Amino acid sequence: MFSTSDQVSKMNSRILSALLILGIATCVIAGGFCPKSRHPQCDLSYKINDCCAQSDCRVGSVCCVEGCGNVCRAESDTPLGEKFVDGSECKHGHVFPKKWYQFW
């Protein structure tokens, strides 16, 4: 049969495995907030969107709404900026306002 040291060893490995999985899940779920906007106001007559979904950004970055367009920023632990909502209307690249003849 098994000795008590084998049973303790198996129990310890199961506990460590569970803690490891919990730790990894916490890292994946934690954070994910946008930091404070660097440029809340934009002086340009157009916007430049570098991202239109969270999947457009690298791991550890978040698609954030800035004054001059959406940009990928490093994740923050506190929600100080505005995170882009996947599924919202968005166009990559330079986005110009309506042409003068489209206002009427």
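Glycine is treated like the rest: Cβ placed from N, Cα and C.
Note that the coordinates shown come from a computational prediction; the quantities given were computed from them, not determined experimentally.
For CYS42, the cysteine that Swiss-Prot lists as its disulphide partner among CYS68, CYS72, CYS90 is CYS68. Of the listed residues CYS64, CYS72, CYS90, CYS64 is the one Swiss-Prot pairs with CYS34, by disulfide bond.
Within the set CYS27, CYS72, the cysteine that Swiss-Prot bonds to CYS57 via a disulfide is CYS72. A disulfide bond in Swiss-Prot ties CYS63 to one cysteine from CYS51, CYS90, and that cysteine is CYS51. You'll find the Cα of CYS34 (disulfide bond) roughly 12 Å from the Cα of CYS57 (disulfide bond). CYS90 (disulfide bond) is surrounded by 19 other CB atoms, counting those within 10 A of its CB over all protein chains shown.
Here the domain 'WAP' (31-76) is broken down by DSSP into helix, strand and coil counts: 3 helix, 17 strand, 26 coil. Ranking the disulfide-bonded residues CYS42, CYS63, CYS64, CYS68 by Cα distance from CYS57 (disulfide bond) puts CYS63 first.
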